[in-house]
Amino acid sequence: MVFRIASSPYTHNQRQTSRIMLLVLIAALPGIAAQTWFFGWGTLFQIVLAAITALVAEAIVLRLRKQSVASHLQDYSALLTGLLLAVSIPPLAPWWIVVLGTGFAIIIAKQLYGGLGQNPFNPAMIGYVVLLISFPVQMTSWLPPYEIAATTPDILDTLRMIFSGHTASGGDMTLLRTGIDGISQATPLDTFKTSLRAGHSVEQIMQYPIYSGALAGVGWQWVNLAWLVGGVFLLWQKAIRWHIPVSFLLTLALCAALGWLFSPATLASPQLHLLSGATMLGAFFILTDPVTASTTNRGRLIFGALAGVLVWLIRSFGGYPDGVAFAVLLANITVPLIDYYTRPRVYGHRKG
């Protein structure tokens, strides 16, 4: 009998990088479907543009670095980076916005550090923050959900808006952002913060069409619940661990509840924080990035809690309506320190 001698490892599992990334892409389908339903075809077009840009940028850099292009592209990490950025920007943002942001995320935030596994910051969030700071108007021009929109563009008009900035009838972003009440709409978090600064009371703000009959804004609560469904799928498949999303959501809810309890006239309610903006997307798809998050169980709990506090602080007192991207990057900075102080004790070690 002939025995084949193989090198280690002698045990194998299915947790390959490509499989985990593919599971995350599959888990994103409910969120993508919900955003497309409420905000139109632009979400899908932005994803296509981001995916093409991510693959091309990754291939170019890999070729320049004389590395295998095919093997690296097959891990789906570039596709996931493009997807996360695409669903974070307004559906009708100009085409160059997503191309520029995705290119920056892949080339600068990922490959410049050495590629997958070497980057200290989440590439998609780096790209998003660069776009938000550089092009605030384009990055905050969200359409109202179709239920309260005065005008809803079809597929062709969506393409025209992305590539030319106008519909076939000459309509522009200002017209499309107008709600059924004739007022230009924004996201629930943006509307809440802007209206408070304008001197409106919370009771008045909650009467706006974007909040009518909804816990956290028309359409947005369902989008967040869809991302939550995808997150539960990832937990079920053991593609992510529970520590980060649970600690993040509990901390955000606790901070929001305490703030709302002591200052209900100036701070948003817990349900608005939990079911609006990028809360569930951040909790299950962004913060859980295995490269840039903490690697110990205690560290993951601290990392998630820190991000939750930062999101609440930025939303409540900062200059931006949604602080998920900034919170993720600030939490990424602390990961080496968190991991250092939460390292498990070496087996057999006894404290002196």
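The backbone N, Cα and C atoms fix where each Cβ goes, and this holds for glycine too.
Features reported for this protein in Swiss-Prot:
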- Thr187: FMN phosphoryl threonine (MOD_RES)
- 20-40: transmembrane segment (TRANSMEM)
- 42-62: transmembrane segment (TRANSMEM)
- 69-91: transmembrane segment (TRANSMEM)
- 123-143: transmembrane segment (TRANSMEM)
- 215-235: transmembrane segment (TRANSMEM)
- 242-262: transmembrane segment (TRANSMEM)
- 267-287: transmembrane segment (TRANSMEM)
- 301-321: transmembrane segment (TRANSMEM)
- 322-342: transmembrane segment (TRANSMEM)
Six or more residues beyond either end and a Cβ under 8 Å away: which residues meet both conditions relative to the transmembrane segment (301-321)? 132, 140, 186-187, 189-190, 192-194, 243-252, 254-256, 259, 267-268, 273, 277, 279, 282-283, 287, 293-294, 327-328, 330-331, 334-335, 338, 342
Ranked by Cβ pairs within a distance under 8 Å of the transmembrane segment (267-287), the first of 20-40, 42-62, 215-235, 322-342 is 215-235
I'd like the number of other C-beta atoms within 10 A of the C-beta of Thr187 (FMN phosphoryl threonine), please. 21
Residues of the parent chain within Cβ reach of the transmembrane segment (123-143), under 8 Å, 6 or more residues beyond its termini: 39-40, 42, 80-82, 84-85, 88-94, 97, 100-102, 104-106, 108-110, 149, 173, 176-177, 185-187, 190, 286, 320-321, 324-326, 328-329
If H, G and I count as helix, E and B as strand, and all else as coil, what does DSSP give for Thr187 (FMN phosphoryl threonine)? coil
Against which stretches of its own chain does the transmembrane segment (42-62) lie, if we need a Cβ under 8 Å and a gap of at least six residues from its ends? 32, 35-36, 68-69, 72-73, 78-79, 81-83, 85-87, 89-93, 95, 98-99, 101-103, 105-107, 111, 143, 153, 158-159, 161-162
